[in-house]
Amino acid sequence: MPNAEHRHCVRHLHNNFKLAGHTGAAFKQRLWAAARATTIPVFEAEMEQMLGQSQATYKWLQERPAAHWSRSHFSTVPKCDILLNNLCECFNAAILEARDKPIVTLLERIRTYLMLRMARLRETVWPHEVGPRIFGIVEKNSIESGHCIASYAGGGKYQVNSMLGAMFVVDLERHTCTCRKWDLSGIPCPHALASIAKSEHSPLDFVHALYKRPAYDRAYEGYISPMPSQAYWRKTGHVPIKPPVYRIQPGRPKLSRNREADEIPKGATKLKRYGIVITCRNCGQEGHNFAGCPQLRQGQPRGRARCGRRGRGAVRGRGSRGKGAATANGDVDTTSVNASGTTASGTTTVRGVKRGRGVVSEQQQTQARPKFNVKRGAQAPYVIRKTNVFADSQAGQSSRAPSGPAPRSQAPSGPAPSKQAPSQSVPHSQGPSQPAPRSQAPPQPAQSSQAHQGSSSQPQPMVTSPKRPRLKSPAKRIRPWRI
């Protein structure tokens with residue numbers, strides 16, 4: 001097409017402008033101001049300012065004809081004033097999921113996309129005579145026309161005075177304006193809309209015919225026929241064409257484009273979370289979370305440790321001998337640990353590996369966690385059932401024991417033992433740090449033994465929900481798969 005007008009994308013022109021050594025925000029703003037200028041006097045004024053900043057930059061732009069990149073030298077026939085190749089960008093975005101496929105698959109997906117797009121746009125309903133986007137531009141220019149005063153001069157011509165002091169001539173019969181914005185795009189500018197309002201006409205009547213419904217219907221009157229699969233094609237008997245040899249290139253295929261050095265990075269427009277203080281759930285201090293807790297990192301290797309085997313029959317507890325941990329035969333040892341996390345002999349137990357970060361003492365865990373062994377997401381009835389099971393197990397063991405220690409109420413008078421001291425049932429020869437043997441029955445609290453004897457002086461354990469049947473080994477309980 002020898003008579004077609006060739007235009008350059010100003011964005012790519014600016015990239016070459018920077019590669020030539022003309023970098024900086026001042027040169028970029030001056031280049032875009034000269035490209036957006038719609039009249040030659042405004043274009044020359046911008047170039048004079050460019051010459052005052054740098055003579056080399058002015059000479060570089062003079063070597064590129066302004067008819068390819070400035071609106072002041074564009075032709076008014078195409079009714080298009082865009083400065084970017086947005087049409088190519090829209091096409092690339094549409095074929096993004098198909099451009100890395102083989103040639104036959106690529107063409108088939110493009111054909112399907114165009115078939116659906118043309119069928120959808122053909123049935124689009126417009127609320128106005130022009131398209132929704134063009135109607136929005138007309139409404140925006142109508143608001144700006146409030147700063148203009150139009151005076152009728154005769155013959156369909158108006159003199160429009162702007163609040164900034166400039167004067168323009170509008171010809172409603174030829175659809176022209178001195179600012180050339182109406183001439184380039186075909187959409188009335190604010191000066192033309194002020195003149196149209198003076199003549200008491202509809203602004204949509206002066207929009208170019210290319211933006212109206214008849215032209216739109218002519219663009220989408222054709223359609224792409226659907227195509228059956230290859231199994232229903234007619235057999236020709238010719239030798240089938242083999243696909244080209246496809247060689248997988250080394251490395252991961254690139255999907256994103258290279259960004260410019262001065263381009264806004266991805267995600268830079270998102271607001272950051274200012275003023276939010278995080279708290280560690282391990283030590284309770286502020287300024288760090290559980291993963292960066294200094295108490296867990298002291299002397300511990302990096303990475304997540306594994307405690308025991310993981311499988312369908314394995315116990316997924318927090319430690320090897322914590323509260324409710326499984327023994328070697330698979331049963332749960334609930335008699336050796338009470339609700340506060342201490343053994344019957346009074347010694348404080350150490351829970352197992354916590355989250356794979358190392359062994360944590362009972363004092364550190366009680367600062368940020370409740371004392372009951374509550375599963376995550378459990379409700380209050382679950383805690384009550386655990387307490388009832390513990391009380392019943394204590395009562396049952398005290399009844400089965402042939403000879404148990406004397407209750408605390410019958411203990412000889414003496415100084416009251418502290419909370420951290422071992423129980424009186426532990427022999428003095430063994431020492432406070434030695435736990436009781438597993439063969440011996442652990443001492444029972446006085447409350448559970450009196451509850452089994454039927455005494456009414458001590459309160460009974462509160463039961464708010466019936467006990468449900470429980471398996472002998474929680475390790476053999478069938479766990480549902482998580483989706």
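Note that Cβ sites are derived from N, Cα and C of the backbone, with glycine treated the same way.
It should be emphasised that the depicted structure is a prediction, and the values quoted were computed from it without experimental measurement.
Here is what TrEMBL records for this protein:
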{"type": "DOMAIN", "residues": "168-200", "note": "domain 'SWIM-type'"}
{"type": "DOMAIN", "residues": "280-295", "note": "domain 'CCHC-type'"}
{"type": "REGION", "residues": "296-483", "note": "region 'Disordered'"}
{"type": "COMPBIAS", "residues": "303-321", "note": "compositional bias 'Basic residues'"}
{"type": "COMPBIAS", "residues": "323-351", "note": "compositional bias 'Low complexity'"}
{"type": "COMPBIAS", "residues": "395-418", "note": "compositional bias 'Low complexity'"}
{"type": "COMPBIAS", "residues": "429-439", "note": "compositional bias 'Low complexity'"}
{"type": "COMPBIAS", "residues": "446-461", "note": "compositional bias 'Low complexity'"}
{"type": "COMPBIAS", "residues": "467-483", "note": "compositional bias 'Basic residues'"}
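Long-range Cβ contacts of the domain 'SWIM-type' (168-200) within its own chain (Cβ-Cβ under 8 Å, at least 6 residues beyond either end) map to 38-39, 71-72, 74, 76, 79-81, 134, 137-138, 141-142, 144-145, 147-152, 155-160, 162, 206-208, 210-211. The residues of the domain 'CCHC-type' (280-295), classed with DSSP into helix (H, G, I), strand (E, B) and coil, number 2 helix, 1 strand, 13 coil. When DSSP labels each residue, the domain 'SWIM-type' (168-200) comes out as 15 helix, 6 strand, 12 coil, counted as helix, strand and coil in that order.
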